[in-house]
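I am attaching a structure below and will ask some questions about it afterwards.
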Amino acid sequence: MASVFKIHSAYQPAGDQVKAIQNIADSFQKGEKKVTLVGVTGSGKTFTMAQVIQNLGLPTLVLSHNKTLAAQLFREFKEFFPENAVEYFVSYYDYYQPEAYVPSSDTFIEKDSSINEEIDKLRLRATSSLLEREDVVIVSSVSCIYGLGSPEEYTNSVVALKVGDTIERDTVIRKLLHIQYNRNDLDFSRGNFRVRGDSIEIYPAYHTDGIRIEFFGDEIDSISRINPVTAQTIFKLEKAYIYPAKHFITSGPKVKEAVENIRAEVDAQTDFFRKNNKLLEAERILSRTNYDMEMLQEMGYCNGIENYSRHLTGRKPGERPACLIDYFQGEFLLIVDESHVTIPQIGGMFAGDRARKQTLVDFGFRLPSALDNRPLNFQEFETLTPRTLYVSATPAEYEIEKSSKVVEQIIRPTGLLDPIVDVRPTKNQIEDLLVEIRKRIDAGERVLVTTLTKKMSEDLTDYYEEIGLKVAYLHSEVETLDRVGIIRDLRKGIYDVLIGINLLREGLDIPEVSLVAILDADKEGFLRNYKSLIQTIGRAARNVNGTAILYADKTTDSMAKAIEETKRRRKIQEDHNLKFGITPLTIKKEVGDIIEREEKERTSEDLVLEDVEKKFNSKKFPNKEVLKEKLREEMMKAAKELDFERAAILRDKMLSIQTEDSSAKN
């Protein structure tokens with residue numbers, strides 16, 4: 001039977017990929033539940049994953065341990081499966097301060113957050129795709145184990161409309177309001193709808209196009225997909241399914257029942273506090289909960305509504321909440337990327353969440369039922385994901401022990417060797433590194449530098465900036481979409497050097513990087529253990545000139561083991577290349593936005609950039625010297641007119657051309 005997935009790629013499986021794909025697919029088809037793929041950096045693990053997905057033909061959840069790598073995988077899978085639904089599901093918070101109480105200082109910290117609308121749209125699109133089709137690949141962070149609205153409520157709330165259906169216009173309006181759409185006849189934006197005579201125009205919360213429903217009396221006369229900006233018809237539809245604008249949907253009767261149960265719980269908790277002479281806590285929980293219940297009854301919503309999710313969804317005490325995994329219908333495949341990091345992260349989520357909320361419960365800020373608004377614990381996660389492929393260059397003991405088969409993928413189809421590892425003393429490491437960076441810049445290549453502390457990263461970035469290097473600092477406070485933008489800018493040559501702490505290890509795919517520098521490599525610990533060193537060294541394995549410099553005054557056991565393993569893998573690849581006459585080549589990969597941003601959400605900078613690309617390109621100016629001069633003139637003109645944003649973009653364009661020239665010369 002033909003697979004519902006179809007890979008689009010100019011390449012065929014090669015090297016160890018052929019055997020790995022066959023072994024993994026055969027294992028799952030025989031009924032085996034857990035398999036581990038041990039694949040070195042640059043061996044094409046993502047391509048192997050895609051081939052396994054195509055062979056099995058199952059909906060797939062790809063789990064990554066951070067948003068940056070999830071975004072990279074999302075882009076790669078979209079390229080492999082352009083005809084299928086590839087979706088992205090990560091936390092939609094740009095900023096999140098959870099509710100907390102610090103007893104030692106009697107400080108209550110209110111929840112504060114900022115939601116990224118683009119990621120919210122992608123999350124909603126992910127769940128709608130799971131309910132609509134079978135050919136779905138969802139790339140997710142650990143957000144997939146956190147509470148989400150019930151899939152049953154979500155499915156039951158879908159508004160199904162078909163040409164020829166008899167239904168009153170006002171009934172459709174009421175249904176849209178129930179699934180959290182807002183009527184706004186002036187602002188036609190995501191999650192809103194407007195009414196124009198005998199038609200309703202809806203802007204789905206998960207889509208880039210709008211939908212127009214036209215009525216003739218009480219009958220649906222036509223349904224169209226429309227451009228939300230111009231309102232012009234794109235094409236006609238026979239039917240349309242409008243999915244809720246929010247994941248948390250609750251019917252009126254359930255709210256009434258939930259309020260009764262919450263009031264019963266608050267009475268019991270108040271009695272408990274009073275019996276234990278905790279009068280302040282008793283008054284606190286009573287007043288806070290009463291206020292929330294009034295809001296819930298009047299508005300259907302209250303701040304911190306997620307803390308009442310157990311009652312609103314009718315779950316029993318201790319019962320796990322619904323999550324993204326529950327939206328998969330029937331059999332599916334879970335792929336855990338960089339499993340040696342992702343698996344421990346899943347295990348740690350529950351304990352951290354529980355500790356914070358227990359304090360809130362103990363001091364009367366939340367009811368005990370708030371503890372059930374939580375991520376899955378590890379046992380629940382294992383139960384929900386029976387068919388799992390673990391993928392890592394350095395799998396942990398857990399993955400190896402759980403797997404019925406461990407498949408190695410050492411040989412790279414490109415012939416690329418593992419990087420040369422050079423150990424140097426820490427004395428004058430910054431100046432020594434500067435010399436190496438300049439060599440790479442002259443060759444048109446890029447550099448990653450990893451430090452031990454945030455302060456050292458910041459100081460090093462400032463120092464290199466002062467002496468004229470194009471350098472960026474990648475850290476945890478950079479927003480998700482900006483983080484992937486920095487990586488794109490490094491690849492394009494806007495930056496030559498990227499400095500970070502622990503964000504430069506697993507999975508970062510930058511073929512232009514020929515040097516990875518690890519400062520203080522002999523400081524044994526989480527960031528300098530064997531697995532971390534192997535992963536960091538591997539960042540230079542996608543370039544034919546790949547080198548890793550470890551600055552250290554002694555060789556630790558972790559360093560010795562990592563260097564030995566790198567040499568072993570290098571020898572295997574060298575022998576393969578010699579046997580088949582393969583010449584190593586740097587991976588060629590198109591530079592593009594990892595996550596496409598929508599037309600309406602482009603910033604002024606995007607528009608200026610588009611204008612510059614349109615007016616100043618190699619087609620209009622084939623001679624690069626003429627193009628650079630035109631860019632310089634336009635840059636000076638923009639600066640004179642105080643349009644510094646345009647001037648900066650023109651400067652970056654000019655620098656990018658200069659970088660291309662120096663690369664070509666070398």
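Keep in mind that glycine also has a Cβ here, set from the backbone N, Cα and C atoms.
Sequence annotations record features per position, and here Swiss-Prot assigns ATP binding site to Gly39, Val40, Thr41, Gly42, Ser43, Gly44, Lys45, Thr46 based on sequence analysis. Among the features that Swiss-Prot reports, domain 'Helicase ATP-binding' is placed at 26-414, with the record citing sequence analysis. Per Swiss-Prot, domain 'Helicase C-terminal' is recorded for 429-591, and the stated evidence type is sequence analysis. The domain 'UVR' feature in Swiss-Prot is assigned to 625-660; the stated evidence is sequence analysis. According to Swiss-Prot, the feature motif 'Beta-hairpin' maps to 92-115.
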Comparing the binding-site residues Thr41, Ser43, Thr46, which residue's C-beta has the most other C-beta atoms within 10 angstroms in this structure?
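Compared across Thr41, Ser43, Thr46, the most Cβ atoms within 10 Å surround Ser43.
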Work out, from DSSP, the number of helix, strand and coil residues along the domain 'UVR' (625-660).
33 helix, 0 strand, 3 coil
Restricting to the domain 'Helicase ATP-binding' (26-414), what is the model's mean pLDDT?
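Here the predicted model's pLDDT, averaged over the domain 'Helicase ATP-binding' (26-414), is 93.
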Relative to the Cβ of Lys45 (ATP binding site), which residues of the same chain, six or more apart in sequence, are found under 8 Å away?
Leu37, Gly39, Asp337, Val391, Gln409
Please classify the secondary structure at Gly44 (ATP binding site) using three-state DSSP.
coil
Around the ATP site formed by Gly39, Val40, Thr41, Gly42, Ser43, Gly44, Lys45, Thr46, which additional residues qualify by having Cβ within 8 Å of the site's Cβ center?
Thr48, Ala393, Gln409, Arg412
Taking the Cβ of Gly44 (ATP binding site) as the centre, how many other Cβ atoms fall within a 10 Å radius?
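If we count other Cβ atoms within 10 Å of Gly44 (ATP binding site), we arrive at 24.
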Please work out the number of neighbouring Cβ atoms within 10 Å of the Cβ of Gly39 (ATP binding site), leaving out its own Cβ.
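Cβ-Cβ neighbours of Gly39 (ATP binding site) within 10 Å number 24.
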Give the sequence-ordered list of residues that share a chain with Gly42 (ATP binding site), lie 6 or more positions from it, and have CB atoms under 8 Å from its CB.
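Set apart from Gly42 (ATP binding site) by at least 6 residues yet with Cβ under 8 Å, we have Arg412, Thr414, Leu416, Gly538, Ala541, Arg542, Ile587.
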By DSSP, how many residues in the motif 'Beta-hairpin' (92-115) are helix, how many strand, and how many coil?
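In the motif 'Beta-hairpin' (92-115), the DSSP-based counts are 3 helix, 15 strand, 6 coil.
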According to DSSP, which of helix, strand or coil covers Gly39 (ATP binding site)?
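DSSP call for Gly39 (ATP binding site): strand.
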